[in-house]
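One structure is given here, and the rest of the page talks about it.
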Amino acid sequence: MSKTLRKKRHWLSKVQECVVSWGGPAGPDPELLHGGAERGEFPYLAGRLPTGAEGAPGPALLSGKAPAPGDVLLEVNGTPVSGLTHRDTLAVIRHFREPVRLKTVRPGKVINKDLRHYLSLQFQKGSIDHKLQQVIRDNLYLRTIPCTTRAPRDGEVPGVDYNFIPVEQFKALEESGALLESGTYDGNFYGTPKPPAEPSPFQPDPVDQVLFDNDFDTESQRKRTTSVSKMQRMDSSLPEDEEEEEKEAVNGSGGIENKEKHSDSSDWMKPVPSYNQTSSSMDFRNYMSRDETLEPLPKNWEMAYTDTGMIYFIDHNTKTTTWLDPRLCKKAKAPEDCEDGELPYGWEKIEDPQYGTYYVDHINQKTQFENPVLEAKRKKQLGQTDGGPSKSVPEKSLFTRDPSQLIGALIRTSLKKSTMGFGFTIIGGDRPDEFLQVKNVLKDGPAAQDGRIAPGDVIVDINGNCVLGHTHADVVQMFQLVPVNQYVNMTLCRGYPLPDDNEDPVVDIVTATPIINGPPVTKGDICLTSQELIAGTVVLDQNGKTGPMLVNGRLNGPSMDTNEQRISVASSGGSQPELVTIPLVKGPKGFGFAIADSPTGQKVKMILDSQWCQGLQKGDVIKEICHQNVQSLTHLQVVEVLKQFPIGAEVPLLILRGGPPSPTKTGKMKDKQESSGSLEALSDAIPQPMPFPPTAVRSGSPKLDPSEVYLKSKTMYEDKPPNTRDLDVFLRKQESGFGFRVLGGDGADQPIYIGAIIPLGAAEKDGRLRAADELMCIDGVPVKGKSHKQVLDLMTSAARNGQVLLTVRRKIFFGGEKQAEEDESQAVVTQNSSPRLNRAEFATQQSPEVYDVCLQRKENEGFGFVILTSKNKPPPGVIPHKIGRVIDGSPADQCGKLKVGDRISAVNGQSIVELSHDSIVQLIKDAGHVVTLTVVAEEEHRGPPSGTNSAKQSPAPQHRPLGPAQSSASSTDRGATEGEAGKEVSNSYRLSWPEHKHLAQPDAGSASGVGSRHSQAQNSGCFPVELERGPRGFGFSLRGGKEYNMGLFILRLAEDGPAVKDGRVHVGDQIVEINGEPTQGITHTRAIELIQAGGNKVLLLLRPGTGLIPDHSLAPSSLCPYVKPEQH
């Protein structure tokens, strides 16, 4: 799936290089180059270079793309010239023999001619822009001296280190524009004056310093610029994103361009070289110059840049990203072999003002205070090399994706898949730099009979496809897709030991065949640390709770022999599971049923037309289709299998029926990935959460693109908003279509809504679809973030099939007790072979009074009502728009249905709950002379229910207005009048987030671990906090993350930091969301990235704690020093 979007990229992607000859020893004409630091500008080209041959009179372009007039000159033969005067820039150019290599960039929002603008921008420390700012200052200080209003310190020489001037003189320089940058640090003013156009006779020639001073980048050289670098600038601002032309997005992420476009220019992504970074703490993400000693990146790897210019690497084989250069992995040394000042591969040194100096192991995701090199050498001297924190580094260096670099003997074999599989288990592949190895060879299996495969063999090649670096799930799926009685050709390498037993992450049996009260079912079963799980087999314990069934028949029992293959399922409740073969005939509109993802496989979600699927029941799990095993296939792959059969074909289905029902709807699991057996497959499916902990089982489906998973999880697979319910609506197409219109999708963040319901159309006859419902899925394809045209294309595709399955989200405005949302308990009525919800489904609740009001006005009058809009974003479920005034004698007054205080949820069938006030006013104006308002009566509209009828008895948040909602003519808050000549503006009411905090403790008694509570209770008692970055960050540090098997908690609060000043953040509070992304299951590093990605603001959703921080077993990380206060 691809879509067109406007990309924003770093200016490095616009850098151009060319080779120029000036046509004589005098060098370039001074008029060809303008700008210079004395004018407060970068050097830039004033004219276009003519193309010509070398040796011809005048300047000539010999190779590369000619820079355009106005392009900024960054480098000459690899030497940065930014910050030099015009005279010194020409001197550097003339110093080199012809031809010379120029590096230029087209001016943009971040880097342009204005040197003062670039120096005023804030960049992340360590980024290429931050580095370039330091280079500019170093070049400036060759000709100028920074000034300050503080007194000289011991050892400082006036006129050498700083010019020490009074405050009045400093402000005079600032007002005259003589300072390139200015600001305050530690209560004193600092500034960098413009250098003079002509140097004094006592100043040395800067060319030698710029070109050959190896100590130019040392700490001693920069000591005097520390205050200037860290000062609070007067005109500081964040950089704007550079906009690029429209490009095709890949997998919806828009992140990667087609490399074929750059086949002639392999260096197109390389940054400007020689902004030298010394052998300091940032070795693991060094800015790479044209280092010819480095070989090309491995196959399907790509080097890319963050928005701030940081280099990272994309592995398209595993669809993962890393800071670590894969080419340096082969050159990695053991820690004890590293020299002083050198760090092992994958390590980073952090100098933190609060925690001091510590070291981060990015490979093993650990932190420690001791230098890993000194630690390894110390332990080597003491003879205690075991257990060192970098023990895995030598092992990592053995990994390679190049088969020619493998150590050991290559073994080639061909195995025939039996009903028992291939007869061996595999281990590894949990990380991109980990081999997949044979764990066990099962007795009497094809591998044992072949005799050539042994434990420890590394899987190199499967049917001609190199799998070095592939994930565990990818390789398992490749084996599972081989039909029974077919051969697979394999290449293995013998010579690598198996990892220790305590490091075995996951073992997959590609072969074992469980017996479930019937014939064998071939499936790649999954086990964790020698405990095998039959995917989807769920039993009940004595308390009636669900849990995974181990192959030895015990729940969560001790480990078992991995060679165990045959089991029988013992159930303490529910019907006995059975395998049933059902013959089906494909009708003109498909097989007549819809399927959905479930923990046990693809299950029958809905019977649409029983005449074509007689014998099939809702809840049946599909195991085989026409004798083809489909247990390991994704949702869309099963749909494709069903689609390939022609109309009238007889297709036998092997299904699993009975046994204890697995949870079908929980707080964390929604069967949204639905599709009819004959629907069009349009996007990738997302695996649904399992009813037992996700760490206990690995998915057999290939790993999805992280950006795709993230985008989709932000649409409908995250916790759905409270006070909403999701509905599945199946419609059959009539001659006039499906009978409804679609609104929205005008922008990337604009939701899609159901518009008008066409009278006598399919939607109205069905009765379940309503105007203003938010459209979530079309035939299982999420539509959030899609454009209006893309949604129409999906509907057109559905129309060709004659039917559509819609998933819509509807807001609920409570008037009493909460309505039960379990879809499975709702009655289903079938009319004309179409499922239909019972119209009495709301009979048990006090429904709020929601009605439509149609107003008609004359040419010379308005509608006669005033809409007030909440100034602050209210809590979910609260409509922010209400009637503030009804004008006497107006159409609104004459209709008698509008009252002051009534909430307006839709205009002309379009939901306005999420719209701004100005958008609503414009919507009413565009309606012309007739407008239809969807009204929620004032006395019926209440906040979210508390669970009881008394707010005082409930610990749930209560929303109460903090200020009056009366009108005020003097206010400039949002509000408008419709139907009057003048514009009357009113104070909009405000709703507060609850002041008191309620801690919702997780239910530890449920074996499933997921879905034991209703989705609305997940964030119960949580409160949002928005913090603005201060001079040293957001003022808090974190503890926890997935790698520590714990959630994320507030560890410390910095004194006088933004978090302390806010007053709501306390030590021990749990972080539930960061900038809208749930923190469940994310790593410590990912949490830091989310905080940094927010720029100058961060939005946290916190759950109040007890003041105590949960401990974990990793002592070196107990202080979580990786989280730097200055960064968040």
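Quick reminder: no glycine exception, Cβ is built from N, Cα and C everywhere.
Per Swiss-Prot, the range carrying the annotation region 'Disordered' out of 279-298, 699-718, 999-1018 is 999-1018. Every protein chain considered, the tally of other Cβ atoms within 10 Å of the Cβ of Asp129 (ATP binding site) stands at 22.
Of the listed binding-site residues, namely Lys125, His130, the sparsest CB environment within 10 A is found at Lys125. Among the listed binding-site residues, namely Gln124, Ser127, the Cβ with the most fellow Cβ atoms inside 10 Å is that of Ser127. His130 (ATP binding site) falls within a helix when secondary structure is assigned with DSSP.
Each residue in the domain 'PDZ 4' (728-810) gets a DSSP state, and the totals come to 19 helix, 33 strand, 31 coil. For Phe123 (ATP binding site), the Cβ neighbour count at a 10 Å cut-off comes to 18, with all displayed protein chains included. For the domain 'WW 1' (295-328), the model gives a mean pLDDT of 78.
DSSP states for the domain 'WW 1' (295-328), grouped as helix (H, G, I), strand (E, B) and coil, give 3 helix, 13 strand, 18 coil.
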